[in-house]
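Participant: Encoded as structure tokens, here's the structure I'll be asking about.
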Amino acid sequence: MVSLSLLLAGVAATAASQDPAVAVDVPEQHPADYFSVPSTERAFWAETFQNTTTTKLFEGTTWVKSAGKKYREQKISVKRGSKLLGKFAADKALVLDNKAQHYGFAAKLPEPFYLDGSKGKKSLVVQYEVKYPEVVKCAGTYLKLLRDSPTLNVTDLNDKTPFTIMFGPDKCDKNNKVQFIFNHRNPVTNMYEEKALQISPEVKNDKLSHVYTLAIHDDNTFEMYADLNLIKNGSLYTLFKPAVLLPKEIDDPTDLKPTTWEETEFIPDPAAVKPAEWDEDAPRTIPNLSLHQPPDWDEAARGPWRQPMMSNPEYRGKWSPPMIENPDYVGEWEPRKIPNPDYFDDPHPARMDPIGAVALEVWSMSENIRLDNFWLGHNLNDAKKFARLTWQLKHEAEKKAVQMEPEPKKPTPPESKKKDPNVFDRIDEAVAWVVKYPLVAGLGAFFVFLVLLGFRGTPHHARSAFPMSPVIQEVLDLDKNKDTSQVPRVPVDGTELRHRPATATTTTQQA
């Protein structure tokens with residue numbers, strides 16, 4: 001019967017699934033409870049690390065480690081997030097495991113990426129996430145977008161490998177900035193020169209993920225965002241050093257200042273004469289004759305008295321003639337201008353050299369730094385939307401996770417050696433005992449009072465409970481009647497033996 005009922009229930013469920021008019025109780029699915037990476041089809045290139053592992057990361061053709069000697073010890077892995085992040089615990093990221101380490105690795109792009117002003121290529125956008133495990137003191141986490149060329153080989157990546165753009169957080173000691181440097185090619189000399197943002201925003205330095213975005217537009221402007229908030233924008237022409245464009249005119253190096261050119265605006269008045277009463281030799285201070293030596297001055301104790309000094313009312317100092325305007329003054333001399341032979345006009349500095357690879361070539365003194373959700377594209381809004389669906393939701397989960405993290409245990413201090421209690425400690429203990437046992441303490445105090453009262457009433461001669469030895473009494477009587485100003489008293493020991501120096505009297509008695 002049980003088997004038959006189960007069979008009928010299965011048939012009914014199948015029929016209900018085929019008939020939309022029949023309602024069936026199906027376990028409800030909650031896609032919001034499961035982590036999934038949003039689509040990256042709007043990106044030119046993206047990397048979320050969700051479909052790879054530590055083992056597979058460098059086995060494929062995308063990511064390649066540098067073969068350089070200083071990068072040999074680098075340890076890179078792909079790891080999931082903390083369990084406290086809920087569904088975002090399944091979000092994988094690239095992790096720089098070691099500290100005090102040079103890192104060098106890159107991903108070759110399927111084809112060159114560039115901005116040329118054509119349809120769909122009027123902007124260049126790069127975006128990625130960085131998360132520090134703690135507040136860092138020294139860590140470079142910026143990206144290098146390597147210049148594409150037929151000779152580009154990411155296996156040979158090093159700090160000299162040419163790049164088109166360098167962008168991202170860089171924190172080490174006093175250096176704290178979101179870097180933005182681009183290489184600009186001089187169309188006249190075909191030489192490259194780095195142009196660095198003069199005033200850079202600071203890095204967000206905490207335990208949360210932060211997303212950094214750079215957008216360069218064909219109108220030669222740029223925008224920088226941190227956590228989807230604008231932190232810097234402006235022109236490629238004006239905010240970088242050295243400047244993109246050279247001046248059109250320069251000083252003529254062959255032009256020399258004439259010898260008769262007068263640049264001094266004011267000169268001493270040649271007609272001025274020093275007044276006759278002006279005494280240049282008068283001292284600045286003179287003795288104050290209105291003050292006299294006090295009559296009680298003790299030279300033996302205080303030294304010889306000196307006349308106090310006062311300002312000299314006749315003092316004028318060295319005379320100098322007043323200044324007048326120079327009648328021959330022409331102004332500050334400047335060489336004439338000539339056309340700059342090195343001048344060039346670049347109407348499109350934003351159209352930089354094509355990018356062939358995305359690289360991380362940094363030095364870090366911190367460990368377990370997470371990098372995630374790399375994005376290259378031509379549309380800033382697409383990048384922001386991707387960040388809202390990834391970083392923003394995860395960021396909220398991280399803030400809650402930080403609050404749930406257990407506080408680190410404080411190291412227990414070593415047990416100090418117990419010291420002998422001093423007199424104040426004993427007093428404190430006695431007071432505490434009296435407070436705890438007041439009745440016993442009162443009885444004890446009363447008993448002591450009675451004993452002292454009886455002792456006070458006893459005659460002096462009756463206080464001794466034992467008779468005194470005759471020998472000791474003899475010594476005490478002799479010492480009492482003896483003149484102690486000439487002969488010192490003789491001590492008596494506990495054995496009733498008297499030690500006295502040999503004198504004429506005692507010698508006669510013994511004889």
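The backbone N, Cα and C atoms fix where each Cβ goes, glycine too.
Sequence annotations record features per position, and here TrEMBL assigns signal peptide to 1-16. According to TrEMBL, the feature disulfide bond maps to Cys138-Cys172. For 398-421, the entry in TrEMBL reads region 'Disordered'. Annotation source TrEMBL lists transmembrane segment at 430-455.
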Participant: Give me the count of other Cβ atoms within 10 A of the Cβ belonging to Cys172 (disulfide bond).
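Facilitator: A count of 14.
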Participant: Specify the count of other C-beta atoms within 10 Å of the C-beta of Cys138 (disulfide bond).
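Facilitator: So the number of other Cβ atoms within 10 Å of Cys138 (disulfide bond) is 15.
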Participant: Using DSSP and collapsing to three states, where does Cys138 (disulfide bond) fall: helix, strand or coil?
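Facilitator: Reduced to three states, the DSSP call for Cys138 (disulfide bond) is strand.
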